[in-house]
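For reference, the structure is listed below as structure tokens.
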Amino acid sequence: MDTGGNSLPSGSDAVKRKVCYFYDPEVGNYYYGQGHPMKPHRIRMTHALLAHYGLLQHMQVLKPFPARDRDLCRFHADDYVSFLKSITPETQQDQLRQLKRFNVGEDCPVFDGLFSFCQTYAGGSVGGAVKLNHGLCDIAVNWAGGLHHAKKCEASGFCYVNDIVLAILELLKTHEIDIHHGDGVEEAFYTTDRVMTVSFHKFGDYFPGTGDIRDIGYGKGKYYSLNVPLDDGIDESYHFLFKPLIGKVMEVFKPGAVVLQCGADSLSGDRLGCFNLSIKGHAECVKFMRSFNVPLLLLGGGGYTIRNVARCWCYETGVALGIEVDDKMPQHEYFEYFGPDYTLHVAPSNMENKNSRQLLEEIKCRLLDYLTKLQHAPSVQFQERPPDTEIPEADEDQDDGDERWEDFNMDVDDDRKLLSGRVKREAVEAEPKELEGQRGAAEHARGSEAMADETASAKPLNTVPMQMDEVNVKVEQENVKPSDQPYPKP
């Protein structure tokens, strides 16, 4: 098996990419609750497709090291992290005031293993940033991450910990897409020119209600937040905006690394979304970003028709590798989800595109004008790649640090082992066409201080590499030596 992660050539873009892929076999067992549209099971379905399409052998497959309390507190408030760590379904009735304070309860429910889930998905994103910073890969992938609505002191839109902000604090450069405005990420960096955020999203009577084209940052951060507000039904005309705008951002801002949040709720037919992108159209964004040869972190995000989420992220992993995968789906344990056609690609619907070419042209011109006002370098001088940071050898926050290292040598059946006593296995649920009881969320003020003032010197997470054969996982320790909605609601 090739564990170097080198990809195959892809058309005219024939430069090979070394890809690191983060996956925890237990992530699919976390369960938000009956009827909740957010289903971590989609990550396990994606992984199964990657295994049976033979893509895992072309990547370095890593089990993320769980984020520690102090890692999460690089952005989140200490008392909020402590609350997430302590709250359980059994104790939540005794903490009603805290639940309200931290916006936990309905869209962001308390479930078994909640804090472990946060540690897992955040660990993958920050671990990917560490790999990129150390030059150990060209592209890092964590489909469990991308939960961009979480705020410094509260949960929001199915998101508890904002792994994107944590990863950006490791990289200190960014860019993102999703059908929902990335309000938590934008808010974190709204007053700094050290991070540029770009959000393509549905705007209007839609969660989170933020992301107006006039929201461009504040103070030193003015013009470093770009919002691309779109209406229902956007299709392949998406690229009429995406490519010229992102091309100009890359030209002017010259990021040392890029974070691309690939929320799959912008796909046609999503349970909560209202865009009409095909999987290839969605993946064209990944292909375009890959062409810049800049260190790239690919993250998940929204996506509530889980069979299409798995299709999309499998195909986009192939794009990252430079491998064109067959439309005919191989037999695997979740094959029945993809009937009746059992293909990777699905045709977009005939829904009306409410985004006229004139409207898109006006948006493009206005945002390109904003970009002409950008300084060509941030106020703090950066190297081409953010400086390397030391990877910790031991966990200073946990009492079971030695046990944790011993666990790295165990074999894990990634699809079948339950988290004993902590996590409920998600039952297979039908995907209704409409969800009842969905509510929008109030718009959040932008008054929070930007976390980008923190330097890249804080300690990152470690990662645990895995060798994969089919869907069985062998976990080993790696020694890395540093160089010095209505529901996302929508």
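A Cβ is built for glycine as well, from the same backbone N, Cα and C atoms used for every other residue.
Copied over from TrEMBL:
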- His149: active site, proton acceptor (ACT_SITE)
- Asp107, Gly157, Tyr304: substrate binding site (BINDING)
- Asp178, His180, Asp265: divalent metal cation binding site (BINDING)
- 390-413: compositional bias 'Acidic residues' (COMPBIAS)
- 36-317: domain 'Histone deacetylase' (DOMAIN)
- 378-490: region 'Disordered' (REGION)
Item to complete: Would you mind sorting out which of Asp107, Gly157, Asp265, Tyr304 (the binding-site residues) have a C-alpha within 10 A of the one on His149 (active site, proton acceptor)?
Response: Gly157
Response to the item:
For Asp265 (divalent metal cation binding site), the close binding-site residues (Cα within 10 Å) drawn from Asp107, Gly157, Tyr304 turn out to be Tyr304
Worksheet item: Would you say which of the recorded positions His149, Tyr304 has the most Cβ atoms within 10 Å of its own Cβ?
Response: His149
Worksheet entry | All-chain count of other Cβ atoms within 10 Å of Gly157 (substrate binding site) | 26
